[in-house]
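Note sheet for the following structure.
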């Protein structure tokens, strides 16, 4: 029975495990990986492994996996990584999965300082990374960032006298600028900014010229560049792919033949044969992609782009639908809140009117009591007046009575008159109070709101509208559907390079190809808003910078900025002049 071999492939965001046959080829394993993750833009990627000597190398796709010098582990370990980079991410990357893999790989390289990134750009990139990870999260973003341990390169944090909380505040400030941006768009903006970094997408190799000077060879999507040993940021000489027709090596000697046949060969030496193999493979792959970009798209790529456009349109429509649903939901919530407030106001109004009604009833009760007292006072007055009248009659009849009795009767009459006067005043006073209470009663009767049927109907109407608003709120909470990404078989790639004298003719076009660097500008140069953002960040961080902790890279970058250089200006400068002049310049380094 055939013994299967366990294999673990680590992508930038997942671990995949397979059991392969002993005769499984690199391409079969690669096909299985890309099919599993749904990737169709396979030409950018490869499988990395560590060999028995500890060197990282790429799996050859046309050879059996077990015939290659993979470190013996259980399971066998591979990394699925981008091997080649696009010239312009916005123009070339089609699928979201491709975008995500590039984004994660580039972000990891920046955070680990494999790609040098200045502090102000690091903060802006971090804000895009937060948007890509969390989206428009308005609440608890501080808590989320606290749990996110990798926000900035450690070098950047060490060079500034800022606490982690102060770094987070700066990142969040710029994160809020991206509100409404989709996660995929945030990843794309991250890459568009990152691709302008000098070390982005460059594979560096130790080489020497004929004089034995130690240098760096940089291989990237745009061509070959030569760097001095202490400066990976600023290339000194450059050769675009459109100027190269043949590459070859013999043992440690590597030869590049220019299209200009009058120009001498560009020759350098690598420390090991395996380095020349890697250089040749990267040169061939990058040159092939460089030429492919300048030809019409293949049917496969046209189909992929058409599908991507359809998916993008569907996503756009889904986003618009979601935006409408959110707007409807917010409107429903607003109406519900409005009706709740209106209902509360009406209830408070009813309570107030009920209190007024109770007050009116109390006033009426007091009025009735006052009337009763008035009636009693009037009856008492009439009785006293009758008594007084009787006394006056008696006085008239008793003219002949004795003087003493007469004085006594007169005194009684005077007392009765005073009492009658007092009671009359009380009656008048009560009569005035009663008149005022009657006026108040009349006013209450005329101004008292009707809290009966009409008021209840109004309250019921508000309640009905509140229920309608709640129903609208429920209807406005549908979930958008997500689109799946189609899979497609990948094309064959063969990077098998044996030892010995190897020569490869590179495909060249009959038509002259213009070097894309001539028209290339950094995103910051093309985007004034971004330029201002970076300036503001730089100014903000300058006062907290600890110059004693500056690295060589920081100093080189600062000098380049001072002299007005950026990635593309430098590349244009080092590609000036004919090929012969640049080859001679290389030999004299």
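Note: Cβ is positioned from N, Cα and C throughout, glycine not excepted.
Since this is a predicted model, take the numbers as computed values, not measurements.
Annotated domain 'FERM' per TrEMBL: 5-294, in sequence order. The coiled coil feature in TrEMBL is assigned to 299-443. The annotation region 'Disordered' is assigned in TrEMBL to 478-589. Annotated compositional bias 'Acidic residues' per TrEMBL: 487-498, in sequence order. Look at TrEMBL and you will find 518-529, 537-589 tagged as compositional bias 'Basic and acidic residues'.
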Checklist entry - If you run through the compositional bias 'Basic and acidic residues' (537-589) with DSSP, how many residues end up as helix, strand and coil? => result 37 helix, 1 strand, 15 coil
Checklist entry - Tally of helix, strand and coil residues over the compositional bias 'Basic and acidic residues' (518-529) according to DSSP? => result 8 helix, 0 strand, 4 coil
Next on the checklist: Mean pLDDT for the domain 'FERM' (5-294), rounded to an integer?
Outcome noted: 93
